[in-house]
Amino acid sequence: MAVPFLSSSLQLTPTSPILFTKVTPTPIIHNHRSTCTIPTKPRLRLLRRSAVAGTAVSDQTEGGGDVLLNPEEEKRVEVADYDWTEEWYPLYLTKNVPEDAPLGLTVYDRQIVLYKDGEGTLRCYEDRCPHRLAKLSEGQLIDGRLECLYHGWQFEGEGKCVKIPQLPASAKIPKAACVKTYEVKDSQGVVWVWMSTKTPPNPEKLPWFENFARPGFFDISTTHELPYDHSILLENLMDPAHVPISHDRTDFTAKREDAQPLVFEVTERSNRGFAGTWGREKEGGKGSNLLRFDAPCVLQNNREFEGKDGVKNYFSGLFLCRPTGQGKSMLIVRFGVTKRSPLVSVLPQWFWHQNACKVFEQDMGFLSSQNEVLMKEKVPTKDLYLNLKSSDTWVAEYRKWMDKVGHGMPYHFGHRTISLPKVPPVVEHAPAGLIAALSASYPAKGGIGTMHAPNLANRYFRHIIHCRSCSNVIKSFELWKNILSATAVALTALAILVVSRQWKAVLLGSAALCSAAAYTCLRAINLNTNNFIRTHRRL
């Protein structure tokens, strides 16, 4: 899902070159005639590859070879050294990290807890108390220490246990009573985590975005938790072709009559990602929009444009996608520009936040069902997708990149290869059962009543709980709704008691205005918490 007002103005900024890593000789190639992954020896790889190629080309090029991306352009699958833990992953917007409570998060299936200590320093631990495995994210902060609320064990700094209430006064705290720590960095308003506990953090891999460091650069940033895999999410974000159709009239830049062939040019490929330009065929196919994907999950869409005053301006659409387990992902979206539109200044930020939620909801059904098919079919995307040259170039590039490095991930679906998860999604998310999983998830923290049960299809749990500004706005609207409703009732009662017709009219008119204002607050609350429902129409 590329957000509509982004898709027509995407471009790339120069970054440091991406270095190739050593290539290993044993890829895993999937034979599309079966439903299993086949590890092949280097000597047999080309033979097996040829068998697959012959069928795929004859099937997919018949009646469409001039418009379909050729799935057999490469003679072999190139495999690169890769370890998913030796990467920086985006955790949260710094401004939204709670000051007074720990925050439970995940990267793939690894559960971690993030909090601020007494000095405001960010700390990240494994979300598991060494005592009896209770979630530390369900704990509390006391004097800058993270306390497990099960038995009161307290931890600080580099995971050291500093208090065990049940321990005799003369006894020393065991050295084993410590928690595993992860390195975190606050960079350009985003908290990043280094997932490896064996390899020291590599500062050169920490993303840096040139546009966001420019003087006067203004951005609107939102966080969204989504019910589909991060690879599906990335595919959607790098797909400008769907925007005029799926997001028709969501804002003034998305119109279905503008759907047209697109022209793509790949300008860079490496083991760390790819980059290129794209443009609309009707505009001569000029690549004024630039896209860059950097491992493991960073997508940039940038554009440079000149204003009427001759000053060069910069626009960025930045998507930071964190895998949070099978069929789940979390996305930080950041739209920024050096020249702010007057409309952005007039409308409140919560309006843009709910509009972003609406865009994700428009695509949610498509992407969730796509995720379901991939999990059921258990074959590479080349056996399922019909990628067009004029719309799907970035999607094919991304899946081919997965072919190179997917062996170093917990699981992957590449263009030609797959590696399936070790455990089924249901077992990963609910090993002790659905109710136990709900009780142990954020923000339920033990409570699974209708008010607190997490539901990733619901806008409140996808965005509001992760956004401090929207949470505060809803609380304010709720407060004013109650005040105005009570005032309207009081004015109506007073109007009944007074004798003067003139005062009755004034009081009833005031009550009507208060009721209208209370209704407006209710509508604003609904706008921020209720999902968009697509209304189909005959065209």
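Placement of Cβ uses the backbone N, Cα and C atoms for every residue, glycine included.
For the ranges 19-22, 43-46, 467-470, 523-526, the feature annotated in Swiss-Prot as motif 'Redox-active motif' maps to 467-470. Swiss-Prot marks one residue of A51, A176, A213, A436 as N-acetylalanine, namely A51. Taking a C-beta cut-off of under 8 Å and a sequence gap of six or more, C129 ([2Fe-2S] cluster binding site) has these contacts in its own chain: K135, L136, C148, Y150, H151, W153, V179.
For the recorded site, H131 ([2Fe-2S] cluster binding site), the DSSP three-state label reads coil. Below 8 angstroms of C-beta separation, residues 354, 473-474, 477-478, 480-481, 484-485, 487-489, 491-492, 494-495, 498 of the same chain, each at least six residues beyond the ends of the transmembrane segment (505-527), sit close to that stretch. If one looks beyond the motif 'Redox-active motif' (467-470) by at least 6 residues along the same chain, the residues whose Cβ comes under 8 Å of a Cβ in the stretch are 95-96, 222-223, 349-350, 353-354, 528. Within 8 Å of the Cβ centroid of the [2Fe-2S] cluster site, not counting the listed residues C129, H131, C148, H151, the chain contributes P130, R132, A134, L136, Y150, G152, W153.
Cα of H131 ([2Fe-2S] cluster binding site) to Cα of H247 (Fe cation binding site): a span of 50 Å.
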